[in-house]
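Per TrEMBL, the features are as follows:
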- Glu68, Asp133, Ile135, Asp136, Asp294: Mg(2+) binding site (BINDING)
Amino acid sequence: MAYENELHLAQLAVQRATLLTRRVYAAKSKGTLSKSDASPVTIGDFGAQALIIAAIKHAFPSDEVVGEEDADDLRTNEALRSQIWELVQEATLDDAEAEAVLGGPIKDVDGMLTALDAGRSAGGAKGRIWALDPIDGTKGFLRGGQYAVCLALMVDGEVVVGVLGCPNLPVDDKERLDTSIGADQTDAEGKGVLFSAVLGHGATSRPLTRGALAEGTTIKMKPLEDITQATFCESVEAGHSSHGDQAAIAGKLGITKESVRMDSQAKYASIARGAGDLYLRLPISKTYQEKIWDHAAGVVIVGEAGGTVTDAWGKKLDFSIGRTLSGNKGVVAAPKAIHPEVLKVVIEVLSSK
Ligand SMILES: Nc1ncnc2c1ncn2[C@@H]1O[C@H](COP(=O)(O)O)[C@@H](OP(=O)(O)O)[C@H]1O
Ligand SMILES: [Mg+2]
């Protein structure tokens, strides 16, 4: 299979980083996250980004990375730096072979800062560039709801590999599509899902483990014969997409079920495995540019599960321009067969404003 080594590296790197974020959340819940006064999401973000970029640079030294964070804050904040260094050192997988693929633990603090700073790529249309969101769904992470550790590889501007670590999604998609997982979250095994896809080779999901990767299962979007029966997903945050426009679109499509609101790219993952049908993200702000790391992994996973993802005007999301999707507005994700029908209504609603 194409990109087999990249996929394996990405899966293990996301797995290791996701476990770190879960440990941070558990420590926050227990009140033991006291060393610096930084927010738990900042701590998780830095730790996860350092781990993932160190692994990428070990396996593919000349690849670039577009990451959300850099090391500036850590260079000036000693307490935060040492807290994150401690976490990063402890974040090893229970599997020597997996650790060897990742290059083992980061060697020293400088190595951690260098890894963080390697996320400054400007992106673009040429070469191999990874897009990384160490904690997507900041608000979800803080409320004990959905968040995702997101990593994608783009080659010449096209997303070819995508991996999402969703530690608070139920392993069994027959369980509730829920946003309120609760503050009892621990870093124990038995919760969470790792999603992945390679362009042209399908999408899979597997339970999140602490050691070797669990066996993957192919995922497919739900065949939807009657659009009025659809479940649509949207952001929790009203500032990130227009709940009003999305309700108007659902109404025009004859959808009567309430929307499922969840943070992060867990929305892409959920519809890809058929726990939901549509994802609508209609812009609120005229000027906001969506970030590539908020979409790259989710888009290839939905595409490989039988979906189509475009922006709100039907344009393909263009990851080749830089760190943002400056050529696009909004997101419409749906099963291939019904995407045109959904898009028609999206354009009607946007045009009538
Ligand atoms: N005005 C805006 N419109 C759309 N997205 C926005 C936004 N402001 C922030 N975001 C992005 O929305 C992401 C979360 O999306 P969602 O609402 O689907 O959970 C955030 O990622 P982070 O949480 O990683 O910062 C952030 O990048
Ligand atoms: Mg994000």
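Here the Cβ of each residue, glycine as well, is placed from N, Cα and C on the backbone.
Keep in mind that what you see is a predicted model, and the values were worked out from it rather than measured.
Everything TrEMBL records as a feature, shown here on the structure.
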| residue | record | DSSP class |
| --- | --- | --- |
| Glu68 | Mg(2+) binding site | coil |
| Asp133 | Mg(2+) binding site | strand |
| Asp294 | Mg(2+) binding site | helix |
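Listed in chain order, the residues near the Mg(2+) site other than Glu68, Asp133, Ile135, Asp136, Asp294 are Leu132, Pro134, Gly137, Thr138, Ala148, Cys150, Ser264, Gln265, Lys291, Trp293, each with its Cβ within 8 Å of the site Cβ centroid. Less than 6 Å separates the Cβ from ligand 2 in the case of Asp133, Asp136, Asp294, drawn from the binding-site residues Asp133, Ile135, Asp136, Asp294 in sequence order. Put plainly, the binding-site residues Glu68, Asp133, Asp294 were compared by Cβ crowding within 10 Å, and the winner is Asp133. Long-range Cβ proximity for Ile135 (Mg(2+) binding site), meaning a same-chain Cβ under 8 A and a gap of 6 or more residues, is found for Thr21, Val41, Gly44, Asp45, Ala48, Phe141, Tyr147, Ala148, Val149. Long-range C-beta contacts of Asp136 (Mg(2+) binding site), restricted to its own chain and to partners at least six residues apart, with a cutoff below 8 Å, comprise Tyr147, Ala148, Val149, Cys150, Ser264, Gln265, Trp293, Asp294.
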